[in-house]
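One structure below.
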Amino acid sequence: LKCHNKLVPFLSKTCPEGKNLCYKMTMLKMPKIPIKRGCTDACPKSSLLVKVVCCNKDKCN
């Protein structure tokens, strides 16, 4: 699985063993601007300020 791991969308990395989800965190007030991206084993929870989107396809975040 390859996930974007920087704020700029064209940089990606191959996820290590066991981390088979990509995630993207955005501020709820500014949903177009990602604040964090990467690989994860379990989808982080969204909060009052941050929305988290997870997916399992290459570069889907």
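Cβ coordinates are placed from backbone N, Cα and C, and glycine is handled just like the others.
Taken straight from Swiss-Prot:
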type	residues	note
DISULFID	Cys3-Cys22	disulfide bond
DISULFID	Cys15-Cys39	disulfide bond
DISULFID	Cys43-Cys54	disulfide bond
DISULFID	Cys55-Cys60	disulfide bond
What whole-number Å value do you get for the CA-CA distance of Cys15 (disulfide bond) and Cys3 (disulfide bond)? 7
Separation of alpha carbons, Cys54 (disulfide bond) and Cys60 (disulfide bond) (Å): 8
Given a separation of at least six residues and a C-beta threshold under 8 Å, show me what packs close to Cys39 (disulfide bond) in the same chain. Leu1, Cys3, Asn5, Lys13, Cys15, Pro16, Lys19, Leu21, Cys22, Tyr23
Might you list, by sequence position, any residue in that chain lying six or more from Cys43 (disulfide bond) with a Cβ less than 8 Å away from its Cβ? Leu21, Tyr23, Val52, Cys54
If you draw a 10 Å sphere on the Cβ of Cys3 (disulfide bond), how many other Cβ atoms land inside? 25
Proximal but sequence-remote residues of the same chain as Cys55 (disulfide bond) (Cβ under 8 Å, at least 6 apart): Leu21, Cys22, Tyr23, Asn61
Mind telling me which of the disulfide-bonded residues Cys15, Cys54, Cys60 has the densest Cβ neighbourhood, counting other Cβ atoms within 10 Å? Cys15
Please state whether DSSP places Cys43 (disulfide bond) in a helix, a strand or coil. coil
May I ask you to report the DSSP-based helix, strand or coil state of Cys55 (disulfide bond)? strand
What three-state secondary structure does DSSP assign to Cys22 (disulfide bond)? strand
